[in-house]
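Beneath this line is the structure, given in structure tokens, with notes to follow.
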Amino acid sequence: MHRIYDAQNELSAATHLTSKLLKEYEKQRFPLGGDDEVMTSTLQQFAKVIDELSSCHAVLSTQLADAMMFPITQFKERDLKEILTLKEVFQIASNDHDAAITRYSRLSKRKENEKIKAEVTEDVYTSRKKQHQTMMHYFCALNTLQYKKKISLLEPLLGYMQAQISFFKMGSENLTEQLEEFLTNIGTSVQNVRREMDCEVENMQQTIEDLEVASDPLYLPDPDPIKFPAHRNLTRKAGYLNARNKTGLVSSSWERQFYFTQGGNLMSQARGDVAGGLVMDIDNCSVMAVDCEDRRYCFQITSFDGKKSSILQAESKKDYEEWICTINNISKQIYLSENPEEIAARVNQSALEAVTPSPSFQQRHESMRPAVQSRPPAVRTSSTGSLGSDSAALSALSLDSLVAPDTPIQFDIISPVSEDLPGQAKSSGQSGRRTNPFGESGGSKPETEDSILHQLFIVRFLGSMEVKSDESPDVVYETMRQILAARAIHNVFRMTESHLLVTCDCLKLIDPQTQVTRLRFPLPNVVLYATHQENKRLFGFVLRTSGGRVESYQTSICYIFESNNEGEKICDSVGLAKQIAFHAELDRKASEKQKEIDRVKEKQQKELNKQKQIEKDLEEQSRLIAASSRSNQSSTEGQFVVLSSSQSEDSDLGEDGKKKRESEA
């Protein structure tokens, strides 16, 4: 009966678990199984019915526990234990009686001590009475046990049968005609599925036979290139290659692995590995055919800086040419364009040239390297972000208006503005000067000493890239997405920690150890700033710069940072700084306007004073002329009198007197 009870409990638990798993079946995602709503609803109906059956089994388990297990457990643990206890008590009483009789039998015939005789007699009396009473209770319990035994056998069986009858009644009530119709329909569906399976198996067998006939030439390791030409316009490729690994100075080994391209990366996956690993970044790489250890179909891939290279061997000439063409297309970042196959067709000629072995590696490497002006110099100092093929296609198709598809990503704190514009390096960078972030200085006065706002934040630089628009926060969100995706693909986890100083004039990135200003961003050039919608630690801003390689050409660069849960605070601080700077600019313009008005008034006053001085001078001059004219008139009359007298004297003196007078005069 205990086994029946345990089995019923196990059946109830298993039925309940089956119902639970059927309810959770719709959450399972099978690699080859599509979404089947009919199958899901059918399993949900089965789960409901089995859940009801589980409830019935649970009720049956409870009834078996009460009606079957309880009586027999009580008989075992209470009645039988009572008999065993009485038996032990009776045995003890019998032993005490035997001991008392033994002492009584040892009494002597002589009359010695009446007191000892009385004590022994009393012991015999007491032990015999106790034995008799114990015996009667023991025998009574034995007789009663015979009836209890019958009851303890019949009651559990009766309870078991009643519980089963009750269970079957509940089952008949639950299994209605509607459920029977449902089960009939499910049976018909199972038969239909079986027939569909048979038809599918037959079709697959026929397809397999047709493919075997059509693919017979492909079973050769090197199929005919005329019948199966190489596809030269591919931007993604996967297959097995033999990789050359150096084991010594002159020795090497070859290992066969599965290689595939993912965006601008070449990945490899060994047999048994769960996922692939990065082999090389093939953006701007060079690829060429090589002769290696007398093996056929070998080619070499070299990174754009020439520091890393890998020699691979294809299985056939077709794979050999396709791998070279595909890597050549990816190295030019054709996979990021809208129509990669059309662009790949244009550069097909250069891909064909790569198939021919080159006598000079350096010559081939230089010829495969893209032109310097095709990419900013920042690419040479930092990794270029190449997203996955799906995300890159999405970015190129739907987000081309925000971020250009062929845009390099810079992971290091090296300002592309100062690199591209050497003339602006000192004005915008000023990276060689130590700066106290709190505006204190020893001997020289810092440029932000008069700034009202000084706020310092700890940030980590994630990356920057050029954007095509600076009017919507979506530019910052898309830049965040591309930079984080590029970091994940390239396994770039290192981030440079800096102090971001927000003032009313500019934003500064300061080295925490040396207090040297790494980058300086003029605040008027910061045209857009935003925090990530979900991850508030991420924030970014767009810096608009003018000039560069093309005169009067404005570029917008988006910088992305990570902070310690202070993204919104930093954006609020930048907004406050721009407001303070705006009001300061208004005050400055108003002050300049007032100064201009004062200068105009002062100039007018000077002109008026000058005019008055001129009039005064004219009056004084007129007065002097009048006085002079009067004095000249009186002197003229005197001169006339003197002249007359002198003429008379001259006539008397003669010629010698005239000369003497003239000399005196």
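The chain as shown is numbered from 1 upward.
Note that Cβ sites are derived from N, Cα and C of the backbone, with glycine treated the same way.
What TrEMBL annotates here:
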type     : residues : note
COMPBIAS : 425-434  : compositional bias 'Polar residues'
COMPBIAS : 593-622  : compositional bias 'Basic and acidic residues'
COMPBIAS : 628-648  : compositional bias 'Polar residues'
COMPBIAS : 655-665  : compositional bias 'Basic and acidic residues'
DOMAIN   : 234-332  : domain 'PH'
DOMAIN   : 457-593  : domain 'PID'
REGION   : 354-388  : region 'Disordered'
REGION   : 414-448  : region 'Disordered'
REGION   : 593-665  : region 'Disordered'
Intrachain neighbours beyond the compositional bias 'Basic and acidic residues' (593-622), with Cβ under 8 angstroms and 6 or more residues off its ends: none
Residues of the compositional bias 'Basic and acidic residues' (593-622) by DSSP state, where helix covers H, G and I: 30 helix, 0 strand, 0 coil
Whole-number mean of pLDDT values that fall within the domain 'PH' (234-332): 87
For the domain 'PH' (234-332), the number of residues DSSP places in helix, strand and coil: 15 helix, 50 strand, 34 coil
